[in-house]
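Residues or ranges marked as active site, proton acceptor in Swiss-Prot: ASP314. The 3-phosphoshikimate binding site annotation in Swiss-Prot covers LYS22, SER23, ARG27, SER170, SER171, GLN172, SER198, ASP314, ASN337, LYS341, and the record cites sequence analysis as its basis. Residues or ranges marked as phosphoenolpyruvate binding site by Swiss-Prot: LYS22, GLY96, ARG124, GLN172, ARG345, ARG387, LYS412.
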Amino acid sequence: MESLTLQPINKIQGEVNLPGSKSVSNRALLLAALAKGTTRLTNLLDSDDIRHMLNALTKLGVQYQLSEDKTECVVEGLGRPFSVSEPVELFLGNAGTAMRPLAAALCLGEGEYVLTGEPRMKERPIGHLVKALKAAGADVTYLENENYPPLKIVGTGLKPGSVSIDGSISSQFLTAFLMSAPLAEGDIRINIEGELVSKPYIDITLHIMKQFGVDVINNDYQEFVIPVGQQYVAPGDFLVEGDASSASYFLAAAAIKGGEVKVTGIGKNSIQGDIQFADALEKMGADIEWGDDYVISRVGQLKGIDMDYNHIPDAAMTIATTALFAEGTTSIRNVYNWRVKETDRLSAMATELRKVGAEVEEGEDYIIVKPVPQLTHAAIDTYDDHRMAMCFSLVALSDKPVTINDPKCTSKTFPDYFDKLKALSC
């Protein structure tokens, strides 16, 4: 297996222009495909997850032109649901942002589809979404294990009425249903069971739907009403924001060992909830400055904090490794959905933090990290999880090197991450 050893970094200084957001890129690609008219997406993320969505759209008959650097895509919208005359199999890797929304969208039109992916995708739950789709008349079958991909879908349309979705595990189930609901046969009312996790990701979904001409009535995240008679309409140009989750590593690095780092492509008006990572970093003692399209982080005397991170679960992973450089204990709470991400992130994070010497308590939905005066050089297993690799790169900000196993797993969202980090290292 390939590995990368990062030598100790003395100081972090500079500017980073963020790659496009994964969450925004795949949502916008799907809506551009369903919309009437042509959409030009700029600052599109070039990564594995986006490639899986683009490959799927090709098989579904969508025409698009992708620029040479793969960051601009002109999509010719179908102006209707997908329809195929022959059965189609879509391989979606480990891309939850492709699997869940496509599973819902393919129920709308006509044709027979199989959705599958990598072994880990077959361990990521989809039962809450399928249950809701079936309640709306969809024809969905599990091909291997109940509640998990791969799925067989026969397009029959979605019937009007009320459905319930369990919101306690992943917001992607709700996102998937919301994006398909405007093309149902009548009004759809979605009731949320349990406490909805990752609400800011639903805000992203609703915001992008509105940019494509569809309004959703949001009753305090407990009920969503999608009136019939709406159609997705291409907005013309669509700028994909920089990826706020990816910003977290650079903002944290500056807080630990700046200098300062200016991150461009996101700012105080960003639609992504993960920009709230900067607020958490500020609570820990970092010096944060906000602009319309940038965030600056400067070194601070960091201290451990106890906080609920349910609203920013992806960026919260970066807090876990930042905690190695804080004074006192850091508690990351209400992040059960780490367990159903690219890997079981609670277990993986606890295991790897212990390798570098930290004292760690892992609970059902929390992790508590106590730093130690001296970290240990360790080989970090990344579990084919891009965020594990990027989070643990921060260990190099100590006086010890860190070895990252399978560093290319960052290609899921940020293929040139380590080059960007090196460019900031003094």
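The backbone N, Cα and C atoms fix where each Cβ goes, glycine too.
Here the CA atom of the residue listed as 'active site, proton acceptor' lies 13 Å from the CA atom of GLY96 (phosphoenolpyruvate binding site). For the pair GLN172 (phosphoenolpyruvate binding site) and the residue listed as 'active site, proton acceptor', the Cα-Cα distance reads 13 Å. Relative to ARG345 (phosphoenolpyruvate binding site), the binding-site residues with Cα atoms inside 10 Å are ASN337, the candidates having been ARG27, SER171, ASN337. Counting other CB atoms no more than 10 Å from each candidate's CB, the binding-site residues SER198, ASN337 peak at SER198. Cβ environment of SER171 (3-phosphoshikimate binding site): LEU196, VAL197, SER198, LYS199, TYR201, ILE202 lie under 8 Å away, each six or more residues apart in the same chain. Cα to Cα, ARG387 (phosphoenolpyruvate binding site) and ASN337 (3-phosphoshikimate binding site) are separated by 14 Å.
Less than 8 angstroms from the CB of ARG124 (phosphoenolpyruvate binding site) sit ASN94, GLY96, MET99, TYR148, PRO149, VAL340, LYS341, each of them six or more residues away in the same chain. Among the binding-site residues LYS22, ARG27, ASN337, the ones whose Cα is located within 10 Å of the Cα of LYS412 (phosphoenolpyruvate binding site) are LYS22.
Rounded to the nearest whole angstrom, the C-alpha distance between ASN337 (3-phosphoshikimate binding site) and ASP314 (active site, proton acceptor) is 10.
Burial estimate for the binding-site residues (LYS22, LYS412): highest at LYS22, by number of other CB atoms within 10 Å.
Binding of 3-phosphoshikimate is attributed in the record to LYS22, SER23, ARG27, SER170, SER171, GLN172, SER198, ASP314, ASN337, LYS341, and the widest Cα separation among these residues amounts to 20 Å.
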